[in-house]
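Below is one structure, written out as structure tokens; the observations come after it.
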């Protein structure tokens, strides 16, 4: 029987802290404000947006929506971004991606001021994660993994961490953030040989492959802590992760569930970045 | 008996390629040009500068020196950098660091255009290494490790690489560049437990600790390739690396010597970046 590292208590603690910081800012006349920029109306985006807006409302962050039609021109979006950069009353910007085909992702990302980049999409933010300096903000899902590990007091310094998956939104930044905590970090990719053996070397395994149920008992051993970033809908229509929870849970010391784990913490991280950006603006 | 991965043949091959590319550029009327910016006259800087200038002269890269007194003001250096950015006839800029105390390193680094940052010091270059995109240039010493491994056809894809040391000039960028080659990379730091055991897991060990003779037989096993980035002067006044060469050489399959290894390749990498920047300017 392992400990289930639920997201809910992490979220509750973060909400409480964010609400207190928002209140303090509002007393100084600063209303922490997030710009949400959405092109079109993809199902995924709408659902995430709804979650973000609810979380913001709960802690006292204002949201301004900037909605463009799916066939908007790049110039229009660049004008919106420039307006957001120039507006001192907006502290952070969430831009939904991937964008429709007519947009050049690189150009759009470069158009955002790193200090408003609360979702970690600019070169400034990514360089900040890589170099461990306070430029921009790390990608929220990567930070959510670390928030969970810290909330549950999982030791990291000197421990071995294995990160499976090397995306720029989770794997690589999570590896850098684990290194920052003085873990010895191994970054695995789809060419990694003997993945089960490599995973079993770890004290902490962060799984961010985007492959449903890929990691099971053969990759795991007693004493480990597993963070499952994957989120999929299985044949029975139920949410599940990259880890076969039923196999993993009896083996390891602690594991994040799906749903109710990393995913739930992500929006709280996003909101905390907006609050931090507002604090820096004072 | 292991193979000694000497830098000289790597340098010879790179010089030949760089010279041919310079000749092609000069035929088009483009003279590949490097700006060397030095504040004061530190022994280390002078010696590296001499090596860079000789290497440039050999392959046909022009060098413009910008020399400031050790007590120069930050404003003066920023003016020099702005001039270099604006000068279309200059393709790359090498700035000697660390700078004297009156300079803010971050401000100075941010003042350089990433496209002229042939030494990998800007956020743009570091984000480029981290995200594997063609922004700026990776730090030269990190790339020198990879150039040696590639020249000697050391397989990397699917292999395990351990990088010991996590500096921004070598360890971290080398880890990212090994990941780019699809190696499974482990990044070690001073808190790493059981370092000998971790090192022995690797097929390729890159040692960039800056600690003379720290790595010896206990960290190594047959079949490994060792890249030693360290450079120190021992009690007898001889150059040596982070690896105890005499112990390592009989054990492993292949190893870079110190001197005559990574260090010799670094300036060729720098020059190749200037040539590439000049090619991009056409």
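Glycine is no exception: its Cβ is also placed from the backbone N, Cα and C atoms.
The following features are taken from TrEMBL:
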BINDING   B:165, B:166, B:167, B:231  NADP(+) binding site
DOMAIN    B:5-119  domain 'Tetrahydrofolate dehydrogenase/cyclohydrolase catalytic'
DOMAIN    B:139-281  domain 'Tetrahydrofolate dehydrogenase/cyclohydrolase NAD(P)-binding'
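This view paints the features noted in TrEMBL onto the structure.
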residue: B:165; record: NADP(+) binding site; CB count, 10 Å: 24
residue: B:166; record: NADP(+) binding site; CB count, 10 Å: 23
residue: B:167; record: NADP(+) binding site; CB count, 10 Å: 16
residue: B:231; record: NADP(+) binding site; CB count, 10 Å: 17
Please work out the helix, strand and coil residue numbers for the domain 'Tetrahydrofolate dehydrogenase/cyclohydrolase NAD(P)-binding' (B:139-281) from the DSSP assignment.
55 helix, 26 strand, 62 coil
Applying an 8 Å Cβ threshold (strictly under) against chain A, tell me which of the binding-site residues B:165, B:167, B:231 fall inside, in sequence order.
none
Just to be sure I understand, if DSSP states are collapsed into helix, strand and coil, how many residues of the domain 'Tetrahydrofolate dehydrogenase/cyclohydrolase catalytic' (B:5-119) fall in each?
59 helix, 18 strand, 38 coil
Quick one: average pLDDT across the domain 'Tetrahydrofolate dehydrogenase/cyclohydrolase NAD(P)-binding' (B:139-281), no decimals.
97
